[in-house]
Amino acid sequence: MDDHNDSKALFKEVFGDSSDSDDNEQQTQQPQLELEEEEDHQNPSWEQIKEIKGLWLCRDFLSPRQQSSLVSAILNEGWFTEPSHNQAMRFGDLPAWSSEISNSIRELVLLCDPASDPVDLGTYDEAKEACPFPSGLLRREPLFDQLIVNVYQPGEGISAHVDLMRFEDGIAIVSLESSCVMHFTQVDRTDCDVKMDPPMTKIPVYLTPGSLVLMSEEARYCWKHEINRKPGFQIWEGQELNQMRRISVTLRKLCKVE
Ligand SMILES: O=C(O)CCC(=O)C(=O)O
Ligand SMILES: [Fe+2]
């Protein structure tokens, strides 16, 4: 309990807290990840991975200060006290720091969501293509209700997979600590006829600490993602990456059960 409160306080200190701004206001969820904090100014910019529809990267989603605060909040949860504990999964009511991330993702994507700017309807389709998260998904409540935190020691990664179909479209991954290369390969399915030349190309995506990956549509359903941290696989710009511990936070939404 105390640990939880400590981490909440720590997170508030670094990320700000809008809940005590006006006692008379209804307790509404406000975006609290102040990504444009004064002395910790970040300028988050989106990069579309052009080979993979629906794959977006925001390289400077969290500032170094926000990253260390988030790492502390995660470690303060007490989920990783044993070296053998390397994954924690939570459903439903997620920790405050995780809601902060969700709010921040929503806020950041809304800044370039064509549906929130009806003026330029002529180019709506183009603008939709250029949006990091489909509008329909962005408006769902909650945006995410499942959380996985993975802690990888050097050499450890995750094998190629498509996330389970029990999760809706629209997945977010925040990277912390060690940089890594995530590789994407096409799934071998007839309903995923993604045109690639040559067809089995592996697309590497460099994930730096503080970056955010958003996967939807083809990226989520038609491509596997993997992180192979065995020697010889973590190469970026011709250099083998120096590996340390890596932490990732994955946010997803469970499909509704009919
Ligand atoms: O650790 C990561 O960056 C990816 C995690 C992941 O793909 C998953 O949990 O499904
Ligand atoms: Fe995954």
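Just so you know, glycine gets a Cβ as well, placed from its N, Cα and C.
Residues annotated as region 'Disordered' in TrEMBL: 1-44.
Summarising the annotation, TrEMBL assigns compositional bias 'Basic and acidic residues' to 1-15.
The domain 'Fe2OG dioxygenase' feature in TrEMBL is assigned to 143-255.
Counted with DSSP, the domain 'Fe2OG dioxygenase' (143-255) comes out as 4 helix, 52 strand, 57 coil. In the predicted structure, the domain 'Fe2OG dioxygenase' (143-255) carries a mean pLDDT of 94.
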